[in-house]
Every structure is written in structure tokens, then in C-alpha cells.
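Novice: According to TrEMBL, the protein carries these features:
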type	residues	note
DOMAIN	67-225	domain 'Glycosyltransferase RgtA/B/C/D-like'
TRANSMEM	85-106	transmembrane segment
TRANSMEM	118-137	transmembrane segment
TRANSMEM	143-162	transmembrane segment
TRANSMEM	191-208	transmembrane segment
TRANSMEM	215-234	transmembrane segment
TRANSMEM	359-381	transmembrane segment
TRANSMEM	388-407	transmembrane segment
TRANSMEM	413-432	transmembrane segment
Amino acid sequence: MTIAYIRSAYTLAAGIGYMQTHPGSPADLAIEGTNGIRELESKGIIIDEKFSSSLLTEGLYPELHYPPGWSIIAAGLHRLIGEPIWLIMQILGIIVDSIACILLFMLVRLLFPAHIQLAWIATILYAVFPPLAYSAVSIRPESFMNLFLIVITFFFIKSALAEQESGKWRYYILTGLSIGMAGYFRPDFLLLGPFFTLYFLFTSGLAIKTILKMFSVGLVILIVSLLILFPWGYRNHKVFHTWNFTSSALGCTLVTGLGTYPNPWGFGPSDLDRAKEAEQAGISTPFNLEADKYFKQVFFQSIQQHPEAYLKILISRCFQPLATPYDCGVNLASKTKTYTEIRSAGNLINSIGYIFKAFWPNLLVALMSFLGNVGLVIMLIKKKFSHPVLIILILPLIYNILSHLLIHMAPYYLLPTAFIQLIGFSYLIDTVNTLISVKRKSYTVTP
């Protein structure tokens, strides 16, 4: 997937527009660089490394698979600095991740102003958490989403703490603006603003006035978000004749979500499987609008045929957020038999040693995720009535889980809200440390 973002960045940098290339086409090989150029030359096609506009049009098609935020930044920096896009974006990812650490410290200080130790613990955990460090240099839009989610959560908490109504609305608008900007990288959180308004039910109870406030605040945040995304939606209207403010990947993702687990439909778990199915259906790529419509039909027909299988998949997905095995970038499984081979042989339950050997980094991270969830529960039980804004803190995590529960649950989808689990883990560490200190003092004999 990373190469797809880079291709689009290069077409933007070349002034051709937000495009994608068919694999192996002249445009694709030209963008690939020296090796691709040599392959073209071996076929009698000559191209210079500054991109021949005539060749770059062979194999190009307009992109709608994913929003253009990452590729726009990459293209701009490439034009400005001239270095390879992968290097520029890895450096930028590290900078963005460092800023996220600072903002996380500010967020925890906002929630617990008298508890600076907790803020330091959360910030240090964020800085050393392997999945986030790996995400920062992964050359993917996800490396920006952690920062956006921290900012979005910060602004809505500020709205709840603001004393004057004008201050509250200012932060509602900033929340919508941040969600809109995040939508240029991943559109998953477009409806988070209205979801945030569930906080009003907790603080004010179910009443007509509360419902009206939820509707008005949620609507304003959503409108602001869509206004920020309007250029993207307008571009898609001009190119594809549809007002699409997100992407054309939903249909493919729905079917891939079914294929992630053993299923009666024979769906495989990867985008390559969808590419083969799209080709069989006469569709050039699994992520264009035609494929989006096709795979949505396949999805709904499939769950109608076997609703019990879909229910089983939904139940299986529920366990992943409890202890999420985020990717650390360490591929120990390549040195052993693959998970698929073990599962196909029917020996998974009897292969505990294999699981630990191949996936111990993921299991360690999953344990941290689980302890973070435990910490969040303890924090809410102890503080929810004295400090109700903590409800806002967990809403992005709940939204992220629920939105992917019905579509496709994967660790990298949940990673943008991992900072919330790390705050919970920090609270758990601080609570245990306090209990130990109190216990030690109780054993101290006063003369």
C-alpha cells in the first residue's frame, strides 16, 4: 500500500494531478525510478528521470482509493527539497510523532492538572511504544492520525471545560476543523463529532433540551468537517460525477473484513484476493467506484446467504480491541511456519510454542493494550462522577471500535486511538505505585 501513496505523490509533483498507475505500465515504471527506467529502455522506450509527460499518461487513472493528504504533503516537500519521497516522509513522520508526544502531555495535564507525574508517564509510554514508533516511519497516512486524534480529543475536552458559551462553540468549530483535516488522511473519523455529543447524555440526562444540544453541536461539527473536505468532494464530483468526501475503498474493505476469518464464502484475507476477484468481474482495479459498488453487492449478498457466519465474525472481532496486537514492524513469523500454514494444518491450538516464538512482540504489545483498557475502567470507576470529562477521553476509542466492528477489524485501524489506552496504562501504573507507597508507609514504625 505504501507504494500507492508514493506513486500519487510523484504524479502530483510532476504536475499531472492526483493519479494512480496500473502496475507495470510505462507510467508506473517511470515513477519507480532507475530500475523502472532501465526496464522501459530494454523495451526500446527512452525516458529521462525528470518524467516524460507523454509516458506518464500511459497507465494513469484518477485516484479515489484514499484521500490525498499524505500525497499532497509528500509532493510539496519533494518539489521543495528534492529528496526521495520515502526519506522526506519518514523524517516528517518522526517530527509529527514528536509533536504528538508534546500534545499528549498537554492533554493529560488538561485532564489531571494536579497530577503531572501521570502526564510524564503517559508521554514516556507514548514515546517508547513500539507500534507508534514503527507507525511514525511507516510512510503511511496513519502516521499523521495519532496526532490528529489527540488534537481532536483535546479541543472537545476544552469545549466541555469552557465556562462561557462562546468559548464552547469556538472549540466545537476547532474540533470540526481538525476532523476535516484528518479526513484528508483517513476518512474513518468523519462522524466522530456527532458521536462526541453522547457526552451530553451523561452530564445532562435524556431530555428534549439535551437532544437538541446534541443535534445542534453534532451538526455544526459535521458541517465544518465537510466544508474543510469540500475541495476533495468537489474534485471527485468533477472527475467521477459523485460527491464523495471519503474514498472508494469501502466495498473492498467490507469483503476483506469477511476474508480475514475462516468463512464459508472462500474469501481470502488480502487486497490481492480482491484484485483477482475484481479482474474476474471485468473491473480493472479493486478500489475504483465500479469495484466499490460491486464489492458492496458481494458483501450484502454474502451476509444474506450466511448470516450466522457474519455473526460469528462479528463476535470474533469483539475480542481484538480487548488486547490489540498492534504491529511493531518485527517480522519473526518469517523465520517460522506462517500462521496460515499452522491454521490450515489444524494444529493452531497445539502450537502455543510457535505462537510465542513468532509473535511475542505482538503479544507483549497486546498485553500493554489490555492493561491500558483495565486502567481506563479503573479510572472511570474512580473518577467518572467527580471528573465527567473523562467520558470524552474514551469516546474516540469506542467510536473507532464500533465503526470497524461492522466493517473490518485490524490493529492498524485501531492504532490512532492507542494513545487513550496508553493513558489508561499510565493511570494503572500510577495507581499501583501509589498503593505500594501507601503500603510501605503503613509498615513504617513511628518512634
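For all residues, glycine too, the Cβ spot is worked out from N, Cα and C.
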Novice: Which stretch, 85-106, 143-162, 215-234, tops the Cβ pairs under 8 Å count with the transmembrane segment (413-432)?
Specialist: 143-162
Novice: What stretch, picked from 85-106, 191-208, 215-234, 359-381, has the most CB pairs under 8 A with the transmembrane segment (143-162)?
Specialist: 85-106
Novice: How about long-range neighbours of the transmembrane segment (85-106): same chain, 6 or more residues beyond its ends, C-beta under 8 Å?
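Specialist: Sequence-distant neighbours of the transmembrane segment (85-106): 2, 6, 9-10, 13, 70, 73-75, 77-78, 119-120, 122-123, 126-127, 132-133, 135-139, 143-144, 146-147, 150-151, 154, 419, 423.
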